[in-house]
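Undergrad: I have a structure here, written as structure tokens, and I will follow up with some questions on it.
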Amino acid sequence: MRVSVLVCDLVVFMPSLLLLAKGIYKRQWALRMEFLMLVLLQPAFILIDHGHFQYNNVSLGFTTLSVACILQDYEVLGSIFFSCALNFKQMALYYAPAITFYLVAKCLYRPNFFLHFAKLGAAVIGSFAVLWLPLCASGLSECGTTIAQMLHRVFPIARGLFEDKVANVWCCVDLFWKLRHRVAPQHLVYLCTAATFVGFLPSIVDLVRRRPTRVRFFLALFNSSMSFFLLSFQVHEKTILLPLLPMTFLLSEAPLLASWFGLLATFSMHFLLVKDGLVVPYIVAIIGYTAFGIVPHLWQSRLSTAPSAPGLPPSGSPPLWQRIYVVASIVGIAILQVLAWSVAPPSKYPHIHEYLFALYSCGHFVLALVYTTYWQWTAPGPTAADEKDKVE
């Protein structure tokens, strides 16, 4: 069965990344291949899909296809691919605010807004109708019940606020103030929904307040999915793969920060990977990725096309503060990792290492969300190059 994951990589994930890389780097074949290899060698993608054994690559691949098509003005096709991603794995909802409002913004800044909007709506409704039709195969009388059961499974409220020691805000808050014991489950759902909305609201406002661009689309995808990971209800450790995907797209803008985030995402899932007996692959993956995927970007990277990140010079070379931050973060990861392997937790606090990993990772994730939200709001508007940013 594990061969089927490789097949999904070859059929869905890799071609989608190639299409996106072609849209970013045009005829620069070497940069396309470098971008592709850095994304495919992300330890988190490899360890979860090929070690923990899941098919996240299919949903992420359809999402990438959607993004690539939308950027080339094939919005209807992009909407269909995103509908496929949603129906394959409902966690693709994390991207829905960014994709929806980016498409709305593209319609707003064109003539015949309602015609374009109607086409997109018809594409989404038609895609869902085709994909949900088998649910009604037993007859219309049972169709409603079947769909209701499916929606209940899609939104598992009964499973609780979060899974294990996930590196999100609610898990960290619960360590000091027992939310799950003090707040009714239904009220927690309302709280999480409101907090998540507040988290991604600045990004969707920015998408519609001015003509959209590729970089701001990537940032909105990250900000939306990161807000869901940090603040939504019922989050699992491996859900960090969703914000990781658009962050890898930003290798074309801020290679050091994007590659560093991949290491942090993998580190945050350490104890999940330990449960699966993946300690050795985990060690090999993070050491190899740090050496070949992060260290080279500490000085200069060819991947930066037109750097727009705050504090990043036009040359794309990371400023001193970014280098210090990334190196200090990696040192902190190494220290916590050594402590987890060499120091047994006290009997009074058996999960202290898990919580330290969660607190450390969550703190970095929150800072990343703040930084990328600011980046999106300060990123320049479209240029002449953006207007011609189509696959040749």
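Yeah, the Cβs are placed from backbone N, Cα and C, and that goes for glycine too.
Straight from TrEMBL, here's the annotation block:
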| type | residues | note |
| --- | --- | --- |
| TRANSMEM | 31-48 | transmembrane segment |
| TRANSMEM | 80-105 | transmembrane segment |
| TRANSMEM | 117-135 | transmembrane segment |
| TRANSMEM | 187-205 | transmembrane segment |
| TRANSMEM | 217-236 | transmembrane segment |
| TRANSMEM | 256-273 | transmembrane segment |
| TRANSMEM | 280-300 | transmembrane segment |
| TRANSMEM | 320-343 | transmembrane segment |
| TRANSMEM | 355-374 | transmembrane segment |
Undergrad: Return yes if the transmembrane segment (355-374) and the transmembrane segment (280-300) have at least 3 CB pairs under 8 Å (sequence gap of 6 or more), otherwise no.
TA: no
Undergrad: Which residues of the same chain, at least 6 past either end of the transmembrane segment (187-205), have a Cβ under 8 Å from a Cβ in it?
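TA: Those are 97-98, 101, 157, 161, 169-170, 179-180, 219-220, 223-224, 226-228, 230-233, 369, 373, 376-377, in sequence order.
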Undergrad: Which one of these stretches, 31-48, 80-105, 217-236, 256-273, 280-300, has the most C-beta pairs shorter than 8 Å to the transmembrane segment (320-343)?
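TA: Comparing 31-48, 80-105, 217-236, 256-273, 280-300 against the transmembrane segment (320-343), the winner is 256-273.
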Undergrad: Same-chain Cβ contacts of the transmembrane segment (217-236) under 8 Å, 6 or more residues past its ends?
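TA: For the transmembrane segment (217-236), the list is 67, 70-71, 93-99, 101-102, 156-157, 159-164, 166, 168-170, 188-189, 192-193, 195-196, 198-200, 202-204, 206-207, 242-243, 245-247, 249-250, 253, 362, 365-366, 368-369, 372-373, 375-376, 379.
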Undergrad: The transmembrane segment (256-273): which same-chain residues, six or more beyond its ends, come within Cβ distance under 8 Å?
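TA: Sequence-distant neighbours of the transmembrane segment (256-273): 38, 42-44, 47-48, 51-52, 164-167, 237-238, 240-241, 243-244, 247-250, 279, 281-282, 285-286, 289-290, 293-294, 297-298, 301, 309, 318, 322-323, 326, 329-330, 333, 337, 340, 353-354, 357-358, 361, 364-365, 368.
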Undergrad: What residues in the same chain, six or more past the boundaries of the transmembrane segment (80-105), come closer than 8 Å to it by Cβ-Cβ distance?
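TA: Contacts with the transmembrane segment (80-105): 55-56, 58-60, 62-63, 65-67, 69-70, 117, 120, 123-124, 127-128, 131-132, 154, 200, 203-204, 207-208, 211-212, 217, 220-221, 223-225, 228-229, 232, 239, 242-243, 246.
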